[in-house]
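Heads up, the thing below is written out as structure tokens.
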Amino acid sequence: MPKRNDIKTILVIGSGPIIIGQAAEFDYAGTQACLALKEEGYRVILVNSNPATIMTDKEIADKVYIEPLTHDFIARIIRKEQPDALLPTLGGQTGLNMAIQLHESGVLQDNNVQLLGTELTSIQQAEDREMFRTLMNDLNVPVPESDIVNTVEQAFKFKEQVGYPLIVRPAFTMGGTGGGICHNDEELHEIVSNGLHYSPATQCLLEKSIAGFKEIEYEVMRDKNDNAIVVCNMENIDPVGIHTGDSIVVAPSQTLSDVEYQMLRDVSLKVIRALGIEGGCNVQLALDPHSFDYYIIEVNPRVSRSSALASKATGYPIAKLAAKIAVGLTLDEMLNPITGTSYAAFEPTLDYVISKIPRFPFDKFEKGERELGTQMKATGEVMAIGRTYEESLLKAIRSLEYGVHHLGLPNGESFDLDYIKERISHQDDERLFFIGEAIRRGTTLEEIHNMTQIDYFFLHKFQNIIDIEHQLKEHQGDLEYLKYAKDYGFSDKTIAHRFNMTEEEVYQLRMENDIKPVYKMVDTCAAEFESSTPYYYGTYETENESIVTDKEKILVLGSGPIRIGQGVEFDYATVHAVWAIQKAGYEAIIVNNNPETVSTDFSISDKLYFEPLTEEDVMNIINLEKPKGVVVQFGGQTAINLADKLAKHGVKILGTSLENLNRAEDRKEFEALLRKINVPQPQGKSATSPEEALANAAEIGYPVVVRPSYVLGGRAMEIVDNDKELENYMTQAVKASPEHPVLVDRYLTGKEIEVDAICDGETVIIPGIMEHIERAGVHSGDSIAVYPPQTLTEDELATLEDYTIKLAKGLNIIGLINIQFVIAHDGVYVLEVNPRSSRTVPFLSKITDIPMAQLAMRAIIGEKLTDMGYQEGVQPYAEGVFVKAPVFSFNKLKNVDITLGPEMKSTGEVMGKDTTLEKALFKGLTGSGVEVKDHGTVLMTVSDKDKEEVVKLAQRLNEVGYKILATSGTANKLAEYDIPAEVVGKIGGENDLLTRIQNGDVQIVINTMTKGKEVERDGFQIRRTTVENGIPCLTSLDTANALTNVIESMTFTMRQM
């Protein structure tokens, strides 16, 4: 069937900011889809609110709108652009929900917009729990015993019929938002009320738990001629009961018999045909390990996290082909881009094993609730490819960057066996490592199986890993055993530990005896057809398939899994760097291990190595490819941390030299530089012990900011007010040492300013200066940033420009530099300097049309900025006002305090742009999920130090018609100024404020921290209750002021004469 000619313009909806459950996989899918549609000759309009994505680059679509993904804003774009069609299945759950809302409100019909791909009725049939269950019953496909509820009372009725445990699944949500497993009445009440709150349809499915069944997924494709294929099937190592995004996954499935595999394959295809899916679709099934009984759990009628994994696991580009199916092409007429000879209707075959392990944020949120269930908690994931299951698992473990390199914990010896077993009996993010620890202590596999329900096949593989450890210990230095361990994915570091050698000695031993990996191609067809994809993985076998060319090469290190503090912004920079390398005539090679991203799409670079980002794995590639040099400044802290180790092997680090990278991080050297170039910084010292830190603080004066050196995303950073807090920090939060000193700085309150610049060694260009709305002390990644600055004087701007140029030249920066300043009462001070790409690079690149990462890469190759037409200093300002607003995923993470401080907590960002600051802020806040209303009720409970400041704020909110609730202390302060406020009781008292929040009486909460334990606990409960009820809670008065400005601009002020 030829493609459709009756449509010319297609609107694609992106997935918005990165949140838990919806990460970079949709940037990858959206980018592929837009390019595929353009390739077929359609005009593509894209709307997405996330500026940190490749898909929002002007080259990807014909028109790009970075606007909030709400019904009203998309409706405006539809009315303005008049597209012929809308493709909603590539923007995750956000895109689907938007399509449904636009359909129901009549916007699509009024503007003659057709929906492409899967029909709306099919989407609703798959997403609406009631309709789905009915369809399954008609098809005779078993679903778990279940009931649809719209109220908590109905849930209790169902519980009386079937008993516990019960699984709650809210309709039309993603990442399991609001869902969970209930074991008792209290949990049932809490989870169902939460689920009804998060479901746009106020509907939950309650099902009898089948926890303990195997969880199997099939990624399938279908076209309008009813051709349907299975792209990939995957098995969750964790049994049913843990969200698939939080499960360790293997592809292809390892424990199914052929009969089981074919049975589940047939069911998956039967279901997608019955639903009439056109495009990609993910089917999740549960299989009883002891019989042929199975249940269908759910169907996602769209491109998903699993389809990104399936695409990277097989090399089969699901999103690209799904977009083409949506415009009428069929599987049997599209070539498979990997082989270039076989058609897309051939099912991929794998001759390797894939392991995916989720990346959790608990290294940042140590107090977070770690227990895993049906609600997703991982921020990202890693994937590894091997020829044995053990090899792929161990490669994936060392890709995670938890400081864990093997199946066990660094301090594993210190736990007693009872504690280890206790940890295994709970499903959490560390269970895998505790299982390794238990096997090491001789626990039987039977006992572990009974505790976890993990299939014996996998437990035997874990046992094999531990057995090899013992063999290495018994045959220290034996080459046969070294080779054998390498076949099963052991790292040099792990072998060194068992051989009683250093990692470097094991590396040298391998080199002398020619024990090196070869690189195999990922070709979708197990080498049955000719294939020329430049997509490789390393393994210890004989034949190397990665042909080294004569061209000069540059190797770019990616940024690994998405986590808080290191998001998709770094992938954006990596991709742009690769494009610049290719334009300059070099061969570009990427090393990365994140299956969700654009950088690991094999069509982006000349060669892609899907490998862990460790010294050993990267050196193996460098030894084969012998690149001109390695670029580390675009891969976040992951890549920067490898620079030292690679340089020791004689590898050339391109761009800013290693010595200068270290000068920016080393306290004493950096201070010496600042004195030399005459740039002030807050008074500070470094401490290598608690005693030294106390002496430093006494000299500098409280409050002080304390943090470890060499970290990203402000990990373990705190503002402390006295000796007791400082002692606490030094003994609990960090292990200070001469190699890793702790920095103690004077805490200056003032405006925080962020600047990104590019330097070629001679010229420094500054694309833009951003002002933060929150004063210094809130991590820059969690602050609202505004471009251009709104409140700075000409003198301050000139000083910022001068200091930035001095710093970039003083550090001999070649490439990018990011600097944070604070403007305090008496001048501009530099807070920190990062000699690398930063979180704000995509944001500024979009605003100014200056392709910052590409210019930086060209400077690294040796081109001059003046030859490219740029003058030194701040570049001309773009028209309009732009804000970057942070987006948090607190509703997915229990027990995490949402107070903003120097440690980063946001998972993503949105951009708001308009002609005035208030309008841009309105868009930024709306896009980040804060509903801005021009009237309502605000609850204020602030610490004593903020009471004076909150008066003015209360007065303004009162004048625009907001009703004020306040706790007694705050209310008394407001009464002094004749501002009316209703007094609410403290937690547990009369007219308790938590009850008022839960009853929906409050639209905004303003709550600032009070130090001191009891109050902190109250404050923590208040903040968590707001999150669980979906109410914006502002913990910084600066954010509250900005929101008030927006409210004032939307409404009229009522003041008596």
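Positions of Cβ are set from backbone N, Cα and C atoms, glycine also.
What you are looking at is a predicted structure, and each value in this text was computed from that prediction instead of being measured.
The region 'Carboxyphosphate synthetic domain' annotation in Swiss-Prot covers 1-401 and rests on sequence analysis.
Under the DSSP three-state reduction, E215 (ATP 1 binding site) is assigned to strand. Within its own chain, E215 (ATP 1 binding site) has E235, N236, D238, P239, V240, I242, T244, S247, Q284, L285, A286, I297 as residues 6 or more apart in sequence whose C-beta sits under 8 angstroms from its own. Feature annotation from Swiss-Prot assigns ATP 1 binding site to R129, R169, G175, G176, K208, I210, E215, G241, I242, H243, Q284, E298; the stated evidence is sequence analysis.
As annotated by Swiss-Prot, Mg(2+) 1 binding site applies to Q284, E298, with the evidence given as sequence analysis. Contacts of E298 (Mg(2+) 1 binding site) defined by a Cβ separation under 8 A and a same-chain sequence distance of 6+ are given as A126, F132, R169, Q284, in order along the sequence.
The Mn(2+) 1 binding site annotation in Swiss-Prot covers Q284, E298 and is backed by sequence analysis.
The Mg(2+) 2 binding site annotation in Swiss-Prot covers E298, N300. In the three-state DSSP assignment, the secondary structure recorded for E298 (Mg(2+) 1 binding site) is strand.
Marked as Mn(2+) 2 binding site by Swiss-Prot on the basis of sequence analysis: E298, N300. On its own chain, N300 (Mg(2+) 2 binding site) has A126, C281, N282, Q284, S306 as residues at least 6 apart in sequence with a Cβ closer than 8 Å to its own Cβ.
The region 'Carbamoyl phosphate synthetic domain' feature in Swiss-Prot is assigned to 547-929.
Taken from Swiss-Prot, the feature ATP 2 binding site applies to R707, R746, L748, E752, G777, V778, H779, S780, Q820, E832. For the recorded site, R707 (ATP 2 binding site), the DSSP three-state label reads strand. Neighbour density for R707 (ATP 2 binding site): within 10 A of its CB lie 22 other CB atoms from the protein chains shown.
Per Swiss-Prot, Mg(2+) 3 binding site is recorded for Q820, E832. The Cβ of Q820 (ATP 2 binding site) lies under 8 Å from the Cβ of E752, I753, E754, V755, S780, V830, L831, E832, V833, each of these being in the same chain and 6 or more residues away along the sequence.
Residues annotated as Mn(2+) 3 binding site in Swiss-Prot, with sequence analysis given as evidence: Q820, E832.
For N834 (Mg(2+) 4 binding site), the same-chain residues lying six or more positions away in sequence with a CB closer than 8 A to its CB are A664, I817, N818, I819. Per Swiss-Prot, Mg(2+) 4 binding site is recorded for E832, N834.
Secondary structure at N834 (Mg(2+) 4 binding site), taken from DSSP and collapsed to helix, strand or coil, is strand. The Mn(2+) 4 binding site annotation in Swiss-Prot covers E832, N834, and the record cites sequence analysis as its basis.
If you average pLDDT over the region 'Allosteric domain' (930-1057) in this model, you get 88. Marked as region 'Allosteric domain' by Swiss-Prot: 930-1057.
When the binding-site residues G175, G777 are scored by other C-beta atoms within 10 Å, G175 scores highest. Cβ-based crowding with a 10 Å cutoff singles out I242 as the top-ranked of the binding-site residues I242, L748. Here the C-alpha separation of H779 (ATP 2 binding site) and G175 (ATP 1 binding site) works out to 27 Å. Counting every protein chain shown, the Cβ of E832 (Mg(2+) 3 binding site) has 17 other Cβ atoms within 10 Å. The binding-site residues examined here are R129, K208, H779; by Cβ neighbour count within 10 Å, the least packed of them is K208.
Look at R129 (ATP 1 binding site): DSSP puts it in a helix.
There are 20 other CB atoms within 10 A of the CB of Q284 (ATP 1 binding site), with all protein chains counted. In space, G175 is the closest of the binding-site residues R129, G175, K208 to L748 (ATP 2 binding site), judged by Cα positions. The two recorded residues, G175 (ATP 1 binding site) and R707 (ATP 2 binding site), have Cα atoms 33 Å apart. Separating the Cα atoms of G777 (ATP 2 binding site) and R129 (ATP 1 binding site) is a whole-number distance of 45 Å. Annotated pair R129 (ATP 1 binding site) and R707 (ATP 2 binding site), C-alpha to C-alpha distance, rounded: 48 Å. Calculated from their C-alpha atoms, the gap between K208 (ATP 1 binding site) and R707 (ATP 2 binding site) amounts to 48 Å.
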